[in-house]
Amino acid sequence: MGNNIKVTFNPDKIAAWWPAVGTYYTTTYPQNQSVFQPGIYQTTSLVNPKTQQELDSVLINRYKQIDWNTWQGFPVDQKLPLVNRDPPPKSAQTFEIKPGPIIVPGIRDIPRGLVPPQTPTNRDQGRKPTPPTPPLRDTHPHLTMKNQTFHLQGFVDGLRDLTTTERQHNAYGDPFTTLSPVVPTVSTILSPPSTTGDPAQSPEMSPSSLLGLLAGLQVVYFLWTKILTIAQNLDWWWTSLSFPGGIPECTGQNSQFQTCKHLPTSCPPTCNGFRWMYLRRFIIYLLVLLLCLIFLLVLLDWKGLIPVCPIQPTTETTVNCRQCTISVQDMYTPPYCCCLKPTAGNCTCWPIPSSWALGNYLWEWALARFSWLNLLVPLLQWLGGISLIAWFLLIWMIWFWGPALLSILPPFIPIFVLFFLIWVYI
């Protein structure tokens, strides 16, 4: 039957017409009171039509008789129960409505009609049979079931969805007009819509992604060369400590492999000093990583993001352990508090210092184990109080060691700049 409507009639009964769906069921009076509620359908007396033309004529006349301006239509808030969905009696006759547009007068230019007719085949004209069309994906299985009971169930479910105001506005496309009734139409079973999803993603890389990848590779290569340069300069400085008069040529020559003259900081793999050179550079790399870790810890400690509990708390407040993730002052931002000594579901909450919690903790830990560090406290306080003298001392040290540091510091400049940016923006 394609997508044409199936309309069922009985010679001696009345056809109950369901609005906004386009399917007719025969009944003298609503047999199923739980489903066919009074007032939600239109009725008309039909003489049993013998031909398709008579059926079309009766439907058109019925449309013209309905006063669409005063018709209340399908109640918006009507809820249909999902019980007693019996199909029409088997004695009813089934006719198929041929496609023919039916325009309802009085409706705001809402198109009413049926699906276009199917293209006739060439099987009866002596030509070769038309190859069968591959079946389309069934997107509305509840509308095409052969079992009429399940068909009626899907019909009632779809009818309930049409009773909401949102579906009415989406159907008519006029958000500024209040359409309380759903205008009845004779329409076919909805055909599978053409699915228009997102466009397929192109497997090719976009220009912006390619530029970002190239820029990232360039940054990695730059940092790697700088790290190698830093390791080479530190290796040179380390080796120079053993030779105050200057670094001589490498004496670790291998008798089996003749190597040219070179410095101890650039030994080839065939030289006996090659393993010692890379051992020194491995230690240098570990020291650089340790320096970065210390910088990160100092930064987090200065921001107050390290939850380190003090050794000797000054204030105590007993709160519930589950709520001990906030500070004593009921602040939901760092610093947090520490929960110790849980007893009977409660604990002692000690506030963490706002900054330098790790430094204070390490200093207190060192003082508890090395009492002689207490002697340095007055000296440190004195150095902090005479900042001018400390500045002069620092200037003098830089002036004395400046020429020697100029050959070592340039490779560190990018790392210093990176540390400064991290310190400022984090």
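For all residues, glycine too, the Cβ spot is worked out from N, Cα and C.
What Swiss-Prot records for this protein:
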type	residues	note
CARBOHYD	Asn346	N-linked glycosylation site
LIPID	Gly2	N-myristoyl glycine
REGION	2-143	region 'Pre-S1'
REGION	2-202	region 'Pre-S'
REGION	107-142	region 'Disordered'
REGION	144-202	region 'Pre-S2'
TOPO_DOM	2-281	topological domain 'Intravirion'
TOPO_DOM	2-209	topological domain 'Virion surface'
TOPO_DOM	231-281	topological domain 'Intravirion'
TOPO_DOM	303-374	topological domain 'Virion surface'
TOPO_DOM	396-401	topological domain 'Intravirion'
TRANSMEM	210-230	transmembrane segment
TRANSMEM	282-302	transmembrane segment
TRANSMEM	375-395	transmembrane segment
TRANSMEM	402-424	transmembrane segment
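If you look at the transmembrane segment (282-302), the same-chain residues 6 or more away from its ends with a CB under 8 A from one of its CBs are 227, 230-231, 234-235, 238, 355-359, 419, 422-423, 426. Look at the topological domain 'Intravirion' (231-281): DSSP puts its residues at 21 helix, 0 strand, 30 coil. Residue counts for the topological domain 'Intravirion' (396-401) under DSSP, split into helix (H, G, I), strand (E, B) and coil, are 6 helix, 0 strand, 0 coil.
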